[in-house]
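Enquirer: Feature annotation from Swiss-Prot assigns Zn(2+) 1 binding site to Cys63, Cys65, Cys78, Cys81; the stated evidence is sequence analysis. Sequence annotations record features per position, and here Swiss-Prot assigns Mg(2+) binding site to Asp747, Asp749, Asp751 based on sequence analysis. Feature annotation from Swiss-Prot assigns Zn(2+) 2 binding site to Cys1078, Cys1269, Cys1276, Cys1279.
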Amino acid sequence: MMGSTFKRKISKVTVKVASPEVIRSWSSGEVKKPETINYRTFKPEKDGLFCEKIFGPTKDYECACGKYKGKKYEGTVCERCGVRVESKEARRKRMGHIDLFAPVVHVWYLKSSPSILSSLLGIQAKELENVIYYGGKRIIEKILIVTNPKDTDFIKGSLLYQTEYEIYNQKLDFEVMPGVIIKSPVAPVISSISGEVKIRHEKTHTDREITWVDVRKISRAEHRVYNGMVLNVKNGDYVNQGDEIVSEMQIDPIYAPFDGTVEIDEISNTITIKPLTTSKDMPVTFSLPYGVKPVVPNNSKVKKGDQLTNGTVLPAVIASVSGNISFGKELNVRPLEDGKYEVLTSGSVYVENVVEEKHYPLFEGAFVYVKDGDEISEGQTIADRFLFEDEYLTLDEYKIFEQHYPAMFTAESEVENDRPIVVITEIDDEVSVETGLKIGDIITDHQYSAYRTLYNDKIEADSGASAIKKLLQKLDLEKLKAEIESELKKVSKSSGRAKKLLRRLKIVKDLLKSETKPEWMILEAIPVVPPDIRPMIQVEGGRFATTDLNDLYRRVINRNNRLKKLYEMNSPEIIIKNEKRMLQEAVDSLIYNGRMGKAVTDRNGRALKSLTDLLKGKKGRFRRNLLGKRVDYSGRAVIVVGPHLKIHECGLPKKMAMELFKPFVLAELLNKDDETSKTARKMKKAIIEKEMPQAYEVLEEIIKGHPVLLNRAPTLHRMSLQAFEPKLIEGNAIQLHPLVCPPFNADFDGDQMAVHVPLSAAAQAEAKFLMLSRYNIISPAHGKPISMPGKDIVAGVYYLTMVGKDYDKVQKENIKWKFSSIDEAELAYEFGHIRLHDPILVKVDDRVIKTTYGRLVFANIVPREFRDYNKTYGKGAIKDLVYKTFKKYGVDRTADLLDDIKDLGFHYATISGLTVSITDFYISPERRRIIDEAKKKISEVEELFALGFLSDEERYRETIKIWADATEKVQDATFEYIGKDPFNPVYIMVDSGARGNKDQLKQLAGMRGLMADPSGRTIEIPIISNFREGLSVLEFFISTHGARKGSADTALRTSSAGYLTRRLVDVAQSVVITTTDCGTENGVRATVLKSSDGLTVEKLEDFLFGRVLAKDVYDPKTNSVLVNPENGKEYTRDTMIDDDDAKFLGNYSVRIPVSRELEINLTNPELPENYCELITDFIYDGVHYDEGTEVNWDIIRKAKNSGLEKLTVKEYPIVGKVSVETVVSQKDIKQLVVDEELIMPTTAKILEGHNVESVQVRPEIIVRSVLTCEAEHGVCSKCYGMDLSNHKIIGVGEAVGVVAAQSIGEPGTQLTMRTFHTGGIATTADITQGLPRAEELFEARKKLKEPEGIFSRVKGYVKDIVEDETGKKKVYIEDEAGDIHEYDIPTKVKVSVNKGQKILPGQSLSTGAIRPRKILETLDVDTTALYLLKEIKKVYVEQGVDIHDKHFEIIIKQMLDKVEVIDPGDTDYLPGDLLRLQMVKRINKQILEENVHVETNRKRVIGKILHQHLIAEDENGEIVEIAPEGVEVTEEILEKAIKSGIKEIIVKNGDGEIVTYQILPKEPIKYRRRLLRITKASLERVGWLSAASFQQTPQVLTEAAIEGSVDHLLGLKENVIVGQLIPAGTGLDMFANIQIEETPRLAQKEKMA
């Protein structure tokens, strides 16, 4: 006995930010190496990404080294290899981690939009990224050079930048001068003149050396001077022409000083006297001056006193020119005491004049190529450079070079620098005040080093993730919250600042609520997912294919290890920073590749898939694996038609069935012999595998009553998956019943279908009783049959029940065959006496009727009361018959009828021998005449145009109209002509509805008519030929546009429709029937839906069908509850309206008077049933009651008490009724009341004033609607009304949201994609239709494709329509109070109302589309909902698609379900938050209830211990503590808390329980209703799981994690994701706990017995 009780295992799923400790707690070990698998052994590397020690063994129950093998060692850790012996399944579960050497920012929190880290820290996102990625800042700053360091540590000549200088200058005393930086100096230095070089050196004011190279070009006058002369001048002196350089000089003779020998040296011009050998004298040498000659011969002996030389006079040397004196190189002089110079060796003295001189300053470090005194020629190089590139100079220094080297270099006084930036993480309070900096400010590293120089350790800054981590650790969230809240009070609610603060406040509150520490957003350790989720697979050729994740992990590990190494090696800061940045980037790529910077790609340039990519999108974890799973016990095959099957059967190929039911067959074979041994199992398996007969016998048994599910993709609605009872067939194709093709949208041109086997008894029961195809005949979209005969069946039935053309002319008495019974007629037919279509007389139910045998045959299968012996059954008639049968007899009889129709239809379609040939397309003789007439009219129009009576636009419109009329006439003539022969096969097909339509027939045998060009504009040349005659070349060419457009359209449509369906399902999936009755008194007024252009979109009866009444319906005549005379049904509240009721109520109206007088007898008064007003006035208690006052019980009581006996009143019976006619005033053309208007007292008085006596009205009908349902979750049965698929009230648990989405989305592919042009030039608005229009409405687009229309905001009349000179139109509307409202009509749209027309609020005054959001803002929710309903419905109705209103209403309800918080009062929500309407109502109710207990709470809280400290803002705006944690609450503390506006105190009870007491009344939430587009509504759902699985997965998850969001699994998707039964249908708790017991053995034994 198996009892299956089902309880929800998971009640909620929470998502949070993981702390580093949590990440490490998940892990089974640290991954230290980037290696994966050893290339030789193919075993995982130790400590690598696939390490067995961390992740578990690769072989089941076997350690890595093989020491322990087998399950008996389970749990043992091998001491050799360290691997724990367990199942290899562990490799899917066990995680590792990587300890990061440097912290890294989690890219989700940085790059969410808007960035969470940025909002929380109050740092701009760009700046924040810059800090994290060690970025820089481009700064243009001035250069300054220290000229006087004074007492500072600066060196003279050192460089400072403006930013540093400003910081130093505040505290230090030193002098600077603006500087410049030298750019592109010309090198080398080349002399521009020939001349002599002079070199000198000097120091600048910054103590730097300049070498001066002077080159001079000189003119010289040479004056020879001789030894012995005395110079009057010295080198460099200036002399004038005629000055004496040397004065005239008398030279005396030389006499011998002693006896000796004379030696004369002519070369050196000397004379020497050597003494005698006996003498003690030393030799004496005389230098002979110029002009002195010896008078004694050489080597002669002389006596003391002998004359040796002659005496002479040396002439004076006179300067021949003025100039500077320069001594020649060979001149040797000796200074004398009187300042003159004696010439020692003869030489030249020059008088020089400088012709040209150049100075070349060279900065220190330049290499000089010349020496002092060198003679150089022009163009010779002096030095390698005069300045270095990027040399910095003070302005004074710059001027020197600027003067000597003009235009040979450029200088910049400002320099652009890329400065690394840092963020301040710590700052002393005093320093903060002094510098104006605070924690979180971003400065450049230059500024930082300046501050560090000045303040030492009182300021700290850092960059990269570690800096952000420090900032986050510094945050005191409680304090921050208080600060933001106090600031919010000071700024305007709508300002941008307020929005920023609110976003920040939300994050702070979320972090507090989820108890998340902000620094957890910075990763210290990274989890490594289990290896089997990122496998490596060996491909042929011995290579390995690996998952992208492994590559990404490898990059992280490599960079992390390299960073460690670099750090240990004490590498330079810049290298370490770069490595840290690379590590950050590697982790970013791992988490979300491509979000920051360029994506990491593989060899082929494909971006690698990161962890985020594994979650998001169609191929992500959510949509691919959690919401879409693969199914076991399934198969697929091609389908073929199975005409012999019953509607609930399908043919299953034997092979396929055997494979699907193999386990069942095996179990049955084993059960038969009660064997369980292994050999028995093997044997029985062999029986199955060898396909022995007994296997098939068992299969036949098992399959009986075991339904299978068939599904055809695309699964657009629930009818695409139905249950059938399988029949075993030969062959390989599944046989499908032809009548279930429409719901599956299947045909037999190669379609495939999938089969699924429901396994458990509960699943089989559901399949059998809910999903069997015979219970799915009626479509849940519109409540009409969908499993319908078509094509050949319709043709067969039509052929069976049709008659010849003379049938009606034959009189009864002239009919040859008369039968006493149907059997007799059958006999005659069998023997060939009569044919199917011969008129015969037959006695049926005691009356003789004229019919045909065919009609008798068909009537035989029809339920008795619907038999009609004189009707030809086409498609429509069959549909009506099926629907009537369903309503009267239910679904089983209907299914049987359908099967009978199918059998008859196929049989007689075969017998009919229907064929088609080209000659069957008769061409009407009228055709030619109609075309000729049209041509004649066209030439008249052309003539008028030529004469200028018509504009081109008018001519075009007329032409189109003429041809359109002609085409229509040809169509009618053709059909009529073909129909003259009822047996014409083409006519049979078209008239029966089997195939083809009048339009196609027109093209084949009439004329093709007008075509559209690619833009959608109609081409004015029609195609006059038809396909039977053949088209001309031009005609064929014109017609290609449409064909091509059609093909392109279809392809586009499919994907758009699919996406629309997906969004609709997403927005509505959680709408389930949760309760039978929400008890609401509200509802919507039933009305005829008319679109803005006045076309009826939906009749009243269709609006009412399937609804439940919210209020009693009163008969306008009698004011009693309305009763249906046909069935006696009373229309009271909670009555469900079926088809017949809807027809009755939709067409019921009566004429009643507008007003009448009435007397109320005050002695025994009764309140009138209708609205009444006083005619006579009276005074009571000093108050005057005038005529026109509404009469109620209060007035009657006062009138009685005032002494009156009778009260005359005017009764208005029409008030509160709905007009079904338009009443126009006789005086002017003003409409007094319009069709479908609810008549109010003012309207009634206006009618009375215009002497209207009576009006045709219907009762006001208020029906329940999902739009007004007040169920907390989902909707209730009564507001939803009828379940359209079975015409009973909907059951609790039905997933009506999904059904609604499918009903709307499924016909999406039938809608057109086109934007039609209203003919002519594009000035008139294009009308958006079909799918784009539906999407525009569901997505509540702000930008519309067509111009925006104008609507009225009041009820009134069009007083006037005025056009000014510029062509702008204005519409003036007079409301019922007589006020005038003016509306400007934009030039792009036309006025769509007329003067005197009555206008209701929300009604269009012009063409163009109206924005639903505008209606919501200016009018109300009901009008908006009705507008959306009308417009969306119109899109589908135009395309001939019938969908019940309630499906649209569910989507509209979801779009309008959210409210926007304007003022959150004292809740934790923020302005701008979107919440569910019912939730807000509940919260507000709760707040108001709790406010009552404030006084009691204040008493209770005294004496309790504070669990959290109390902080508030004091008078100065400072955040202060009122009471610390852990103290006892006293009266004084309570008083302070109340004064500070603290509304709640959290305390500990005596038993340590933590309780929150409210001590001040709280404000409820103020909100406004919002209209959300479906995509937004999907994302704005309560649960994060379903939002994350829809779109923007990373964003949703990021926000949810910060919030610590809890998903209570209320919707369907959430439960599918966690793998539970969905809370709908039998998965609801109320059904889920029903016990289902399966007793297979018992049943078996009974069978045997």
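Our numbering is plain: 1 for the first residue shown, then up by one each step along the chain.
Backbone N, Cα and C define each Cβ position, glycine as well.
Help me understand the surroundings of these features in the structure.
Expert: Contacts of Cys81 (Zn(2+) 1 binding site) defined by a Cβ separation under 8 A and a same-chain sequence distance of 6+ are given as Glu52, Lys53, Cys63, Ala64, Cys65, Lys67, in order along the sequence. DSSP gives Cys81 (Zn(2+) 1 binding site) a coil state; it is part of no helix or strand.
The DSSP secondary structure for Asp747 (Mg(2+) binding site) is coil.
According to DSSP, Cys1276 (Zn(2+) 2 binding site) sits within a strand segment.
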Enquirer: Are there any residues in the same chain, six or more apart in sequence, whose C-beta is under 8 angstroms from the C-beta of Cys1276 (Zn(2+) 2 binding site), and if so which?
Expert: Ile1073, Thr1074, Thr1075, Thr1076, Asp1077, Cys1078, Cys1269
Enquirer: DSSP secondary structure for Cys65 (Zn(2+) 1 binding site), reduced to helix/strand/coil, please.
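Expert: Note: Cys65 (Zn(2+) 1 binding site) is coil by DSSP, not helix or strand.
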Enquirer: Could you check which of the binding-site residues (Asp747, Asp749, Asp751) sits closest to Cys1279 (Zn(2+) 2 binding site), going Cα to Cα?
Expert: Asp747
Enquirer: Between the Cα atoms of Asp751 (Mg(2+) binding site) and Cys78 (Zn(2+) 1 binding site), find the distance and write it as a whole number of Å.
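Expert: About 57 Å separate the Cα atoms of these two residues.
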Enquirer: By a simple count, how many Cβ atoms lie within 10 Å of the Cβ of Cys1078 (Zn(2+) 2 binding site), its own Cβ left out?
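Expert: Other Cβ atoms within 10 Å of Cys1078 (Zn(2+) 2 binding site): 20.
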Enquirer: On a count of neighbouring CB atoms within 10 A, which of the binding-site residues Asp747, Asp749, Asp751 is highest?
Expert: Asp751
Enquirer: Hey, of the binding-site residues listed (Cys63, Cys65, Cys78, Cys1269, Cys1279), which one tops the CB count within 10 A?
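Expert: For the binding-site residues Cys63, Cys65, Cys78, Cys1269, Cys1279, the Cβ with the most other Cβ atoms within 10 Å is Cys1279.
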Enquirer: Starting from the Cβ centroid of Cys1078, Cys1269, Cys1276, Cys1279, the recorded Zn(2+) 2 site, name every other residue in that chain with its Cβ within 8 Å, sequence order please.
Expert: Thr1075, Asp1077, Thr1080, Arg1264, Val1266, Thr1268, Glu1270, Ala1271, Val1275, Ser1277, Lys1278, Tyr1280
Enquirer: Quick check: with Asp747, Asp749, Asp751 left out, which same-chain residues have Cβ atoms within 8 Å of the centroid of the Mg(2+) site Cβ atoms?
Expert: Ile639, Ala746, Phe748, Gly750
Enquirer: How many Å lie between the Cα of Cys78 (Zn(2+) 1 binding site) and the Cα of Asp747 (Mg(2+) binding site)?
Expert: 63
